[in-house]
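Copied from TrEMBL, the annotated features are:
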DISULFID  Cys247-Cys274  disulfide bond
DISULFID  Cys307-Cys334  disulfide bond
DISULFID  Cys366-Cys393  disulfide bond
DISULFID  Cys425-Cys452  disulfide bond
DOMAIN    219-276  domain 'Sushi'
DOMAIN    277-336  domain 'Sushi'
DOMAIN    337-393  domain 'Sushi'
DOMAIN    395-454  domain 'Sushi'
Amino acid sequence: MGEKTTWRIVCEDGSWVGRSLNCEGEDVLDGVGILRNSTCVFRNTEPNLVSFYNDQQITEEVVEFPPGSLLVSRCADIGKYAMIGSSRRRCVGGEWDGQKPVCFGLNQENDYALEKPPTILFRHQLGPIAQSNDGRLIVYPGTILHMECLWIRRFGTPKWVISHNYRKYPEGWTTDPGRDSQLEYRLSIYHASRDDSGVFTCVTPTRHTHSVEILVKAVHCPMIPPRRGLNLNTVNTKMNTKVLLSCANGNSLIGAPEITCLPSGNWSAPFPICESIECADLANLTDPHLRVSILNREVGGRAVFSCAQGYGLRGPHEAVCQHTGDWASPLPTCQEVQCDTPGTPDNGYIQGNGPYKAGDVIQFNCNPEFMMEGQPIIACQENGRWSGTVPKCVQACSYPGTTISGRMSAVKFYYKIGETITFTCDEGLELRGAPMLRCLRNGKWSNAIPTCAANTSTAATTTR
């Protein structure tokens, strides 16, 4: 063929990664095409190293990526670890290009050994800071940043070297309360601006160094678009902002309940949505006597149950729609209800014949010369009980009649035994008869009703 073809396989964790080919023509040609389109396996086992794909941190231990995928890596803390290797690696021909990155601990992890590069701690005020995917320190403008180079003071004083001459930065052994002035050599950037961006390197007296690249940038993530029913705990979009999301009315949240504004200016997850949940409409009830009135089918809505006349409800009177899309309570049933015959009052009778079902009403009446004490109408309830007790028919006097041109103290259909009434006449008339009547035990009045007539003395005077 005149062309030389080579390929490579790698021994990784005791296994060969890659395809072994022979030198037959067709096999070689096919093999080259396969390698170009081969996936790459990433083993996320390196300690203190974090890697990102499409701006998302890789948390799985073993992941297979398609050809052309780009991984970005940095140390878990760029101030406490230093990385050797490539921060960006692409999947090419079934392998990751560049040098595999490795992170090693600095002097803090090694009991502040003099032969180790210095650890740098970050402290900030008035604004956020964050470590980017590729290992830079992103500082929001206006932030006060303190970088503390760790070195045992009795062995000398380290120094800071900056990649630019924008301004002079205060440095010295820290004196803040709670800090260690025998260990922490600080450089401070007050109210950071874009021109403060650059590489800051701490050099120890033993000439070991550790550098941090600072980028001062106002990182904001896109505004979260308003969505129906989606609640946010904040509308802030500044770097490091965490937004808690929930749905109104108990609807289901589709997506992440919390998102963070990353140093890249992207949110850590897509914006979630609220799925409107509705419970079943209960149109096909199996119980022909059960009635339902649905007030609302959305989460929190209620369905109210009742039964046809003659039937009582067994179970809850209402159900609430849950966020699962189910009604909270099992559906009730309707059972036929009958009330026992309540009995007839002495000296009275009932209007209405049994059997008596739920919803039926009966009316009590008393015989003439008897008065009712109690409710004249009662209803058969769903629990099989009457709404009231049987009334009593007691002996009474009926309305005695009226006196022409006179007045009676109390006008009623019936009067209790022992009750009295009095009579008076209009002005100029004289009462003839008993002025007071009493209702006797036999239901009769003690006297006939009196009459009103002209006064005889008044009439004689008028005649003269």
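Cβ atoms are placed via backbone N, Cα and C, with glycine included.
Predicted automatically and left uncurated, TrEMBL annotations should be read as such.
Known features from TrEMBL, placed on the structure.
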residue	record	Cβ within 10 Å
Cys247	disulfide bond	23
Cys274	disulfide bond	21
Cys307	disulfide bond	22
Cys334	disulfide bond	23
Cys366	disulfide bond	22
Cys393	disulfide bond	22
Cys425	disulfide bond	21
Cys452	disulfide bond	19
- Message: Using DSSP, what is the helix/strand/coil residue split across the domain 'Sushi' (277-336)?
- Response: 0 helix, 26 strand, 34 coil
- Pairwise CA distance, Cys247 (disulfide bond) versus Cys307 (disulfide bond), rounded so that it is a whole Å: 36
- Query: Which of the three DSSP-derived classes (helix, strand, coil) applies to Cys425 (disulfide bond)?
  - Reply: strand
- Item | Rounded distance in angstrom between the Cα atoms of Cys393 (disulfide bond) and Cys307 (disulfide bond) | 35
- Task: Could you tell me how many residues in the domain 'Sushi' (219-276) are helical, how many are strand and how many are coil under DSSP?
- Result: 3 helix, 22 strand, 33 coil
- Item | C-alpha spacing of Cys366 (disulfide bond) relative to Cys452 (disulfide bond), in angstrom | 34
